[in-house]
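In TrEMBL this protein carries:
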type	residues	note
REGION	36-61	region 'Disordered'
DOMAIN	233-578	domain 'Aminoacyl-transfer RNA synthetases class-II family profile'
REGION	499-532	region 'Disordered'
COMPBIAS	499-510	compositional bias 'Basic and acidic residues'
Amino acid sequence: MEALQPLKQLIHFTSLRFRPSSSFFIVRCCSSTTTDVTGRAAAGGGRNRRSSSGTSTSTSDKEAIRAIRIKKVEELRSNGLEPYAYKWDRTHSASQLQEIYKNLGNGEESKSENDYVSISGRIVARRAFGKLAFLTLRDDSGMIQLYCEKERLLGDQFDQLKTLVDIGDILGANGSIKRTEKGELSVCVNSFSILTKSLLPLPDKYHGLTDIDKRYRQRYVDMIANPEVADTFRKRAKIISEIRQSVESFGFLEVETPVLQGAAGGAEARPFITFHNSLGRDLYLRIATELHLKRMLVGGFEKVYEIGRIFRNEGISTRHNPEFTTIEMYEAYSDYESMMNMAEEIVTRCALAVNGKLKIDYQGVEICLERPWRRETMHNLVKEATGIDFKSCGDDLKAAKEHTRKAIDILGDDLDKSSIEACSSVGHLLNEVFEMVVEPKLLQPTFVLDYPIEISPLAKPHRRHSGLTERFELFICGREMANAFSELTDPLDQRRRLEEQVRQHNEKKAASGLNKAGAKEQENKDDDDDSYEVTLDEDFLTALEYGMPPASGMGLGIDRLVMLLTDSPSIRDVIAFPVLKIQQ
């Protein structure tokens, strides 16, 4: 009992300092602001001693609370009670009880044998009045109140409830069902057990967990303090499930391809490199699933897809995370037109599954997902926005740059002119102007068609327009959502294009002035986007030489789709445990 002296003194002081009467006290999530039974801030507690910044409990306070709770663990064990249970047999979830007893009248109690229930979850609020205590229990489905009367509880359990149970503890409780006079459905507790004793306090109820960096680092606390965060991840799971159902309803087969690969192909991005000790070789975390899925087509499968993690050793932003999730799919004997239809089908089905409608708000902008979506070529969109007709320039890069400089001066946009000067072809220049001027303005769903061949090494040449490819990207809210091609199946053309891609990359790498023999350049290597090696995937080229049927393929970013459908401003909000800088 000596171990509990600091706790008893703390409770005694709290009750003297804040309670309106000698029989009333409240325990909350480590906040110095008191509340009355209605949950409003008490008038006498309006000027609390918390700093104006509204930060969470200080480190010293946390350590003091932790020490007190460890003493409670010892006290429980000394009384023969295990504070970390093996299991709990429950009969209902909170939401099930709310549904079953939704017609129970105020003040009514169901005492039949069938109405004896067992429930479990985390305690997120608590208040007590003499011989009566109310606890709010939250499980995965929702919340329900625990109605605790001293006369109903076995032995000294009511005293244990008042002295040993804290907000954050995970409890199991048995009892009957009643609805209070104020209309709150409650479990009238006959007995309870502490299933897991929480040692650290939850964030303050009113300020919550507001430190953005801490929310991402301690997502588990974020989900406890902010239930809507957990709802985002439930919606994410629903979206992924809906994607699977959608593509499989069209006959696609889910397959798995390697994460560790001998060559980083299928995109142009800096890979993560690791070393396999037994094989004595470098391996790369995949930057795309594309090339192995195409191997499946060569092997005879006609409709395949994979939902998987992609890894790119590149920048971090609100739109980019080093690891992210995509679905890639490939369909034999089809072209990129069919993938536009598939993209519309997937996104609209997911929107209906999660939001029940096709008009949604994203960060204050109304987005209409009703089909059909706009389809326009990159050339026409750039001409519409800038007045530049890149088709009239042909292959004259000098003339194209001159037209671009004049258009930028007229537009007056704060654009990066150095990136324009660095373009090595008209196709690269067209894409650069598109990304700078047009892309941010594509708020409503838009398929951008027919990309330059220079930036599309895996896409089939356009059947009608020389220098272009049968490729589209889907943009919503100024963000790329999907990328698709009529797939290149000519193995000789594919080899030429990939070799040209390697050559261009090496030229950029050389132009950056990197010198492996120079210590300074080597030190800065990790920060240079062009410092990585690009190699040919010879096995993929060999596979193509065996023959791949005409096909279309598409990659769709699941994280960005979840952002859109949950109105989340950052990709970190839809990834449970995003990559972060090392905490100093």
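Quick reminder: no glycine exception, Cβ is built from N, Cα and C everywhere.
The list of residues near the compositional bias 'Basic and acidic residues' (499-510) in space but at least 6 beyond its ends in sequence, with Cβ under 8 angstroms from a Cβ of it, reads 268, 424, 457, 530-531, 534-536.
Along the domain 'Aminoacyl-transfer RNA synthetases class-II family profile' (233-578), the predicted structure has mean pLDDT 92.
Secondary structure counts, DSSP: the compositional bias 'Basic and acidic residues' (499-510) has 12 helix, 0 strand, 0 coil.
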